[in-house]
Amino acid sequence: VLYGNRCKARGVLSELICFFLSSYTEKPVSAVELSCGAGPSHVILELGLPLLLDCNLGSSDTPFNVTWFKDGQLLPQAPGDRLRYLTNGSLLLSPTSADSQPPQNVEGSYSCVSASAIGALTSRTVNVLLASLSSFSEEPSPQTVTTGGSARFECQIEGVPTPVITWQKDQVTITDDTRFISLPNGVLQILKVTKEDEGLYRCVASNSARKNVSSEARLIVTTGSIDSPGPVVIVAPPQNATVVLGHPAVMECVAQGQPKPLVSWSRQDGKPISTDVIVLATNLVIRDTRRHHAGVYVCRANKPKTREFVFAAAELHVAAPPVIVHSPESVSLSRGNTARFLCNSSGEPFPVLHWLKNGQPIRSFRRMKVQSPGVLLINQLALEDAGYYQCIAENGLGTACATARLTVIVKEGLPSLPRHLTATPHSSTTALLSWEKPEYNTDQIIAYSVHYQFTAGSDIQDSSFAVSNDTTEYLVKELLPHTAYTFFVVAYSPMGASPPSLPITIEMLEDVPSAPPQLSVASTSPTDIRLVWQPLTSQHSRGAVTRYRVDYKDTVFSVELRGNETQFTLRELRPNQVYRLRIAAGTAVGFGVPSEWVQQQTVVRSGPSDNSTVIFAPSELKVRTRVTTLNVTWQPSPNHTLVSGYKLSYREAETDRFTTRDRTPHTHTIRLRKKARHHLLTGLVPDRQYEVRVWAFDKQKDGAAAVWKGRTDKIHGRPSGPSSSPPLPPSSVQATANSSTSVWLRWEKPRFINVRIINYTVRCSPAGTTNASLVSYYTSSSLEILLRGLRPFTHYELAVRSNGVNIAGPFSSTVVEATLPDRPSTPPEELQLRALNSSSVLVSWRPPLEPNGIIVSYRILYTVNLSEPEDEWRNLSEDGGIFSVEVRGLSGGTRYFFKVGASTKVGSGPFSPVVDIQTPLTNSKLSEKLDIHAVTGIIVGVCLGLICILLCMCFSFRNSKPRSVFTLYVTFTNGSRESPAESPKNNSSLIVLQETDDHLSTSLCSNQVEAEVIVHSELSDPSGREKEEGSERDSNATRGPSLSEDLYSPLSRPSSPREEVEHLQNLSAAESPPSLPSRTLTARHSEEAEGTRRQQNGDREPQPDTRLTNGFHSPKTPRPMLKPEHLEMEDSRHCPSAAGKAISAGLPSAPFVSPGFVHSTSAAHIYLCP
């Protein structure tokens, strides 16, 4: 904020006015001179102190009229008590108030316009601000600091002018001390805190308006030890700041650690820090900020004698009000000449330029054009063009202006203006002009000049032709059909030019269109093809388009449409058929050239079940053409929910000038996201035919393509217009990382400006990318841009190009800049656990998919209780290059939960999903799992069983008589059916059936062993037990006799022991009949036995077959006692004890049974009585 000077007015009258005002108010009067030159942009108005605004524009010593504007609005002649017009045109502001309150409606932006006989001038704008001081937006907060540490208090307050902040301890102002650092930004730092520093701290802010005192904050100093080593931490990092040119700036950096860290500063761009920057403790202070101070500053804190460090960066942005670097120059020119004014400015942000003529904004028309913001061109000067021309530069910090005067010289004896100008369209591109000679000084005419320009449009270019003095008509050629032109004629003599004739405007005749519409086609169903096109521009239509003609064929057909149509659907076509299509536009004169043939195949007709899987072509494919670019847009297909993305391909289409014999066109394919609806193709050749295809795809297949074929625009140039060469690329392109997702890109204007630059295009892509879909383009009208939404810790290639009107220049050289790192956004991948033994687990993982920086460490957390808070989990830390670790000291037979997280130097990322693992048991725990009583029972049971079996065998041999044993065989009667037999399963020494019995007991109820000789019936699947039992019942009626009762009678015995042995050997060698399973033998016998038991026991329901539940337990249900007389009549499975034992002892091993111990089983058995 700048102050105005004391009352120093120009001239005797102004001095008297100042003296009178000072005497009347008994207070000094501040005066500010408003001109079009350099001066203050802000003026502070103090309460009770008058302010004089003097309009001194230098147009005349005594201006005819002075007009004042406030906030862009005209001030009345009697604005009020606080605003007064003075006789010399000055404006007096009196901020007085009866109630001592700040006056209202005084603050604002003031400017003046001074008019004289020559013209009018506008002053720069001055912002008048009332002196004020607000309340504190931030006040000190209490702190507790260890002895030897650092304390920091901060105050923030707004005021006009900028308040001065001082600090007090216990209401006593703090004197200068090396340990007490008071920064201009309202921060107090206390270094190496001692016990004496305890107390109440507050800040005092004051300016010319008033004083304000903050609340007090207590500092408590503890005597704890700080000798233990600790990590380095930046507790007060620097902050991004924008400072106005000339104001102070502070880059604060406070670091803590043990031992005390070393703090250093550097610039990120590698430039040395300016010598006028003051290092105050560990902070940077710039008293008078200049443009060269701008940049990114990096604060680095190092732990002494180690490589451990941390850093923080912040950008200092220096804003500057506008300054006119090159002012326009005053000129005096003869009538009919061309005047050119140049104006260049600087500022931050870059100022906006506009032109004024006699205080009024200039709008481009006919002879007066603003070619670029800094160039004003006036053709065919006339008397009314004389006056003051001002260049005004504006940005958010103020305005600057420069003035030039144009004088038009008119000599005596010049011809008067040509008369009665007429213009008649001769054809669509030619017009015949005729006129009459001037009324005065006709004999002095040596030539005429014919001038014409577009009547409408922003790109107004003036074209002219010289015509000899022996004719008064001229045929103007190469005009555009159906376009309005304005013509005028000027006569020349040796002394100069005449005034221009009165202008005349005509519209040229229509013609057939010069180009066809840009056509895109897509098959929307098996029998339809949809055509979409864009209306022709006026340049190509060359008239009002009244109709379109669509030609299509497998044989040629034509359809004529109205001129207001932009789409059409061909119906009742054949599925899976290739059609060729084209379009032509027509005016009242006729049809223009048709477009190139486009081929489109209708969709294949599919069944009802496949209808949902068809991916139709995108709809409304439109392409906007430019000289070197194609802007492709489309809409989603009807079933776009199935779409995974889009693909776009383009190539140079084959024409008469371009055939495959010359070279094969290369097709470029670009993969786009599902949400993409447009794409810009750049770097194309002007006036070249291209074919563009867009289609959707999913994970399995590609959909139908929408096709467009058209031509890029031509490069148009006019003989009298400015150069059509492209603008030069910007210079001094610099990129600086602003954060992990943004980069500042700045550049300067080209060193030589050959055309008007309207904006700039920035190209941004990841370094080394070859995928065009990853390249982004941004537009900026200023000399900088903040690129956002970038990926962390990624190198980007950046380039800038200048854009003129309908023409783009080449890109600048590429600069590479990397975004700052960030914490990982994804957890480590593929977390796997493997138990090495009962006390250790191997944990392995892969790096995160998006690390966003260099992984410096991995953190492994594990626990046995998943519900515990994360801070109570046990943790390990490993270096960033390690991808596996062995976790030791675990407990056997315990379930552990693991997760892993990664960290960069910025911070930690998310943890992986939890994975659990069960550690194996130790040997001692395995032995504990076995019940000692169960082991004892098993041993005792086996021993008792063996003893009983031996005793039974001995008793049987001793007391029983020998009997014959005959070979068992099976016979089948005619018509009998053989049941399929299942192969028995050999389980050690016992063949068991795989059927479960719900009636079997699994508990240990007795140590008594009941030894039985078991004859197994059939091996079967437990799941099929019921089914097999049912099949047995069904087969009883159809099968033949299984065994002769005589052969299996227990009373049949061998005549001698030798015969018995031989018979048993034959029996073991005999081949078992495969046609009938052993279960078939027992089914009927079981039924008969049941019937016998029912007779013996009355109506009592018999229990199921007696079975062994394990190797040494009693069966669940006791066997019914059988009398001897029943044994002879019943089934052979119930036999006398002596005979049964003799058979058990004397039979050799069956081919599928091996001798051994009896194993416990839950399978069903058929038993012989012991």
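Each residue, glycine too, has its Cβ placed from N, Cα and C.
Going by TrEMBL, these are the annotated features:
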DOMAIN    28-127  domain 'Ig-like'
DOMAIN    134-214  domain 'Ig-like'
DOMAIN    231-310  domain 'Ig-like'
DOMAIN    322-407  domain 'Ig-like'
DOMAIN    417-511  domain 'Fibronectin type-III'
DOMAIN    515-605  domain 'Fibronectin type-III'
DOMAIN    617-716  domain 'Fibronectin type-III'
REGION    711-735  region 'Disordered'
DOMAIN    729-822  domain 'Fibronectin type-III'
DOMAIN    827-922  domain 'Fibronectin type-III'
TRANSMEM  932-957  transmembrane segment
COMPBIAS  1016-1036  compositional bias 'Basic and acidic residues'
REGION    1016-1119  region 'Disordered'
COMPBIAS  1084-1104  compositional bias 'Basic and acidic residues'
Between the stretches 231-310, 322-407, 515-605, 617-716, 827-922, which wins on the count of C-beta pairs under 8 angstroms to the domain 'Ig-like' (134-214)?
231-310
Using DSSP, break the domain 'Ig-like' (322-407) down into helix, strand and coil residues and give each count.
3 helix, 55 strand, 28 coil
Please identify the stretch among 417-511, 515-605, 729-822, 827-922 with the greatest number of Cβ pairs below 8 Å relative to the domain 'Ig-like' (231-310).
729-822
So which of 617-716, 729-822, 827-922 is most in touch with the domain 'Fibronectin type-III' (515-605), counting Cβ pairs under 8 Å?
617-716
Within the domain 'Fibronectin type-III' (515-605) only, compute the mean pLDDT.
82
